[in-house]
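Chemist: Features from Swiss-Prot:
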ACT_SITE  12  active site
ACT_SITE  72  active site
ACT_SITE  144  active site
BINDING   12, 144  Mg(2+) 1 binding site
BINDING   72  Mg(2+) 2 binding site
């Protein structure tokens, strides 16, 4: 049985910059498709910033037509207001693929780092170095786009167990 390539959208949510990365998996091969970021300005009203994130990701979904999506889980920091705003951006970022009928898998930051680099406490430079090895055609212009590609790679490696867990959760 020949399977067709699967296209995955990785999302690194943020209110200032939401990174996105698209790759395809064909068997064990990872292929870079595209990456970038949706940027908002601090002077914009919160609702306008959230709308810009939604519209930007909607355009990415229209252009690249992924069949699966993954997003990084939010960590809680000492600044409650910043955490809340990040959560709002993350919610909008999850809504965009959901409106296209695409389930969104979630991965902890340490799991992304461990999958891509082999260490759960890797820094951004280590992640970017491994991206050059895993996806040599990728040239992310921002750390957010690089992180989004790392999230997509993580999903490519864990997608079968994530799908099984989602089915088990739905069954109850």
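Yeah, the Cβs are placed from backbone N, Cα and C, and that goes for glycine too.
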Chemist: Sorted by position, what residues of the same chain at least six away from residue 72 (active site) have a C-beta under 8 A from it?
Modeler: 11, 12, 13, 106, 107, 108, 109, 112, 147, 151
Chemist: With every protein chain in view, what's the tally of Cβ atoms within 10 Å of the Cβ of residue 12 (active site), excluding that atom itself?
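Modeler: Its Cβ has 27 other Cβ atoms within 10 Å.
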Chemist: Enumerate same-chain residues with a sequence separation of six or more from residue 144 (active site) and a Cβ-Cβ distance below 8 A; give 'none' if the list is empty.
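Modeler: Listed in sequence order: 12, 14, 17, 18, 19, 37.
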